[in-house]
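Engineer: The structure's right below; bear with me while I get my questions together.
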Amino acid sequence: MAQVISPPTILVSVDTQTDKASSKPLKRTHKSNTSISTKRKVPRSPLDRTQKLNLEVSPHRAVSAVRLMRIELGGAFADLLNEKGKGSGDNEMAYVERSLGFRTKALDDRDLRLVTDVVGGTIRWRRYLDHLICSLCHDENTFRSMEPLLLQILRIGVYEIVKLDMPPYAVVDENVTLAKVALRPGAGNLVNGILRKLVRVKENNSLPLPKLEGDDRAQARALAILYSHPVWMVRRWTKYLGQEEAIKLMVWNNSQPSFSLRANNGKGVTRADLVTQLNLLKVPHELSLHLDDFIRVKTGLQNVIQAGLLKEGVCAVQDESAGLVVSVVDPQPGESIVDCCAAPGGKTIYMASRLNGQGMVYAIDINKGRLRILTETAKSHQVNSFITTIEADLRLFADSNMVNYDKVLLDAPCSGLGVLSKRADLRWNRRLEDLEQLKNLQDELLDAASLLVKPGGVLIYSTCSIDPEENEERVDAFLLRHPEFCIDPADRFTAPLQLVLCGPCEEIFCAKIIDIYAVHGCTKKKSEMTN
């Protein structure tokens, strides 16, 4: 009979995949004049006057507005973290120039932090901000007909006033200047009117927000505005978790994310060595409560990047939840392990580092470019000799493959509903209909992964979703199709866990780590099963 042990109340963040932002520029919102030759004097042109005004435009607001535009159009992600560190600011200013027709002052370290904060916060709170902007407009049509750049400038201003508590009139003046320079004087006047009205109602503690009342549908709509999530997510979480827990989850999603660093044992770097480096860089940190190689970092990640610790392979940015999945796999020297959807490779590299120089991790992914990045990172971590990359669709590879492996990890494509605090834009890019497509894909991938497991081997299934239909229900459906797999407890591998114990079998378990679902299975082919 199945036993259920209640899950812990601690939330463990999960790993997220980051992709290189597209370099496709936006269309300019206005036509710029042709460049003026410096070989002869010419009368002052409108461009000259604009260039002079641009020096007064707030750099972090200009960059934030353009980046928000690019995110909504699908050309960028919300984070600014990359190996270039300060160079990312130069990249962003180039986008400003191509999109708006001018540059501002260069971004300093404070500006970079503000861009990250403003962009992430504005995306998280988008529904809330839009409700306030619409409520403060003369009529709803004014809001509905706003051009994208004007709307982004207003969102930035409202977020800075309401959520960041920045000096209100400085926020008003600088966002008005941006609107006038980037668009036209009339746009600046509209920004001025709306933001000044916002300042007044905020000071009077009378923000026009909905009340939590009425039937379930009305309350879901109100909660969707108050906590800035799509209505369908609110209704789904209220159904599964209850309203109180759904609100806690949304508060978590809207909080500033923290990050974890993993010391690269494969290169001989211990956690104590990494602590020493962080102390020298004056980066605040605390030790992981669950994993010996991990350190939690709330701020200062740009300092780590700029010091070259990632590029040199001293450590990796990796969530503890990804480490928990690897601890469930429990790589042992001499084992052959498959990572079915491997790129960008964080778990692959961590598993390889735990083989102690004996064994192999086979990294399968359909994306050649992301496998190339995995290979480059593995070299910097000095574990490339223990990783073999395979460019393939797992479903096709499994059908033609003649080799079985000790352990198979399927970290499946999913809705990502467990990583909304870090993927701020994801909540607006997901639809309820997406879950049906993903469930079908997850079933197909699980069936394919099961063909790679040798008799007595192990299959681990994980997602970064908290939705039961992508986790427990997929496992239950898999077990109905594959009675040769069973489930066994995982408490000896890692904690904290919710355990579902389902009868005797060797080295098989199903475990939920807040937002990770894992199946550890031993197999025999159906033809080998006895009645």
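Using N, Cα and C of the backbone, Cβ positions are placed for all residues, glycine too.
Just lifted these from TrEMBL, have a look:
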ACT_SITE  Cys464  active site, nucleophile
BINDING   Cys341, Ala342, Ala343, Pro344, Gly345, Gly346, Lys347, Asp365, Asp393, Asp411  S-adenosyl-L-methionine binding site
DOMAIN    249-516  domain 'SAM-dependent MTase RsmB/NOP-type'
REGION    15-49  region 'Disordered'
Engineer: Within a 10 Å radius around the Cβ, which one of these recorded positions has the most neighbouring Cβ atoms: Cys341, Cys464?
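Structural biologist: The largest 10 Å Cβ neighbour count belongs to Cys464.
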Engineer: Test of understanding: give the count of other CB atoms lying within 10 angstroms of the CB of Ala343 (S-adenosyl-L-methionine binding site).
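Structural biologist: For Ala343 (S-adenosyl-L-methionine binding site), the count of other Cβ atoms within 10 Å is 23.
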Engineer: Could you state the whole-number distance in Å separating the C-alpha atoms of Asp393 (S-adenosyl-L-methionine binding site) and Cys464 (active site, nucleophile)?
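Structural biologist: About 21 Å separates the two Cα atoms.
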Engineer: Write down the Cα-Cα distance for Cys464 (active site, nucleophile) and Lys347 (S-adenosyl-L-methionine binding site), rounded and given in Å.
Structural biologist: 13
Engineer: Are there any residues at least 6 positions away along the chain from Gly345 (S-adenosyl-L-methionine binding site) with a Cβ closer than 8 Å to its Cβ? List them or say none.
Structural biologist: Asp339, Ala363, Arg370, Leu371, Ile373, Leu374, Thr377, Ala378
